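S.K.: Provided herewith is a single structure, encoded as structure tokens, for subsequent inquiry.
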Amino acid sequence: VHGGEKPFACGHCGRRFRLKYHLSRHQRVHTGERPFPCPTCPMAFREKSALTVHQRVHTGERPFPCPTCPMAFKEKTALTIHQRIHT
């Protein structure tokens, strides 16, 4: 696949994807499939990365520490937003 070419189209909505894997992942929006269950609670997720982030609710893990202050975050995006207060 070259450049912006997106040869894989969703049969439900027509959205196009560069990689077949991205199409397969997207189709879960339409099917409701959630193949990644949480082993601790009844929740399940469409993507493994979402399960990983969710599990931090149960473990308390905060792997993204702020380099400027003592705060730490469960998600990198939350750290990025937080760091704006230091600028």
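Cβ coordinates are placed from backbone N, Cα and C, and glycine is handled just like the others.
Whatever TrEMBL says is automated annotation, not expert-curated.
What TrEMBL lists as domain 'C2H2-type' is 8-35, 36-63, 64-87.
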S.K.: Any residues 6+ beyond the ends of the domain 'C2H2-type' (64-87) with a Cβ under 8 Å from its own?
M.R.: 53, 56-57
S.K.: As a test of reading the model: what is the averaged pLDDT for the domain 'C2H2-type' (36-63)?
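M.R.: Its mean pLDDT is 97.
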S.K.: Quick check on the domain 'C2H2-type' (64-87): DSSP residue counts for helix, strand, coil, in that order please.
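M.R.: Tallying H, G and I as helix, E and B as strand, the rest coil: 11 helix, 4 strand, 9 coil.
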S.K.: Quick one: DSSP breakdown of the domain 'C2H2-type' (8-35) into helix, strand and coil?
M.R.: 12 helix, 4 strand, 12 coil
S.K.: Helix, strand, coil residue numbers for the domain 'C2H2-type' (36-63) per DSSP?
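M.R.: So the domain 'C2H2-type' (36-63) is made up of 12 helix, 4 strand, 12 coil.
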